[in-house]
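These notes concern the structure reproduced below.
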Amino acid sequence: MEELNQVTKFISNYYDVLISSWYVLFPIAAFFVFFSKLSSKISIFLIGMYMSYTILIPYAMKLEQIKNLLEKYTDYKFMIFLIVSIIFGIIFYSLVKVAIIISGFTMGGLLGFALGNFLVSSNPEFLTKLPFDSSYIPWMGLVIIGLIVAFIISKDFEKMIAALSVIFGSLMMSFYTLFLLEKYSSLKIGDNTILMSLESISRPETITFLGCFIVYMAIGFFFIMRKGK
């Protein structure tokens, strides 16, 4: 029962963040869907902001101290969320950038070191003619192949970031499509429960959400494939 209450509270906080910060999240969602291939650096930063809005802040709001603080500054909630998300986006970009370089260099380096050792052990006589000590060969392999693999992974990583951006963007765009249409037009989808919460969304809204998600995904991946040519 306690776990269910925690999940319900998280969903409630998540909905509150989505609604109060739609001025920021809606443009981010549009960028993810239509311009994810434009710049992987911007996409990584915006994914960090997205994670802040959808994971970090809702979980932080479960803490009584944070919740009480936000209640005191309700009028500034939008700015608080924005500042926290920008900071987290910068940190996330820095961490991802470092992680890519380290992981690529480490994997390639281990492979290069192993190949270097194999070369030394399998051709000891030939290596004696080299103008330097053969013990340096594994370390040379570590550095050279490590750098090559790091470069290759960083290139493929851009494609992965673009794909993730489209998925995240499609989810948000689907939500805001329903929410904004129901809120600012006379359109009625089911019981329009999405205007109140995410906990009891009606079946017609769920089906419409999934339909929008598929459409936005198709559009996003179309742009990726078109720009990739």
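Start at 1 and count along the chain as shown; that gives each residue its number.
In case you wondered, yes, glycine gets a Cβ from its N, Cα and C as well.
Whatever TrEMBL says is automated annotation, not expert-curated.
Sequence annotations record features per position, and here TrEMBL assigns transmembrane segment to 14-35 (among others).
Among the features that TrEMBL reports, transmembrane segment is placed at 42-61 (among others). A Cβ distance under 8 Å defines the sequence-distant neighbours of the transmembrane segment (42-61), meaning residues of its chain 6+ beyond its ends; these are 10, 13-14, 16-18, 21, 24-25, 28, 31-32, 36, 67, 70, 81, 84-86, 88-93, 96-97, 161-162, 164-165, 168, 172.
Taken from TrEMBL, the feature transmembrane segment applies to 76-93 (among others).
Within its own chain, the transmembrane segment (98-116) has Cβ neighbours under 8 Å at 137-154, 157, counting only residues six or more beyond its boundaries. Among the features that TrEMBL reports, transmembrane segment is placed at 98-116 (among others).
For 136-154 (among others), the entry in TrEMBL reads transmembrane segment. Within the same chain, residues 100-101, 103-117, 119-120, 127 sit at least 6 positions outside the transmembrane segment (136-154) and bring their C-beta atoms closer than 8 Å to a C-beta of that stretch.
Outside the transmembrane segment (161-181) by six or more residues, the chain places 18-19, 22, 25-26, 28-33, 36-37, 40, 43-44, 46-47, 50, 187, 189, 194-195, 205, 208-210, 212-213, 216-217, 220-221, 224 with a CB less than 8 A from a CB of the stretch. Summarising the annotation, TrEMBL assigns transmembrane segment to 161-181 (among others).
Per TrEMBL, the feature transmembrane segment maps to 206-225 (among others).
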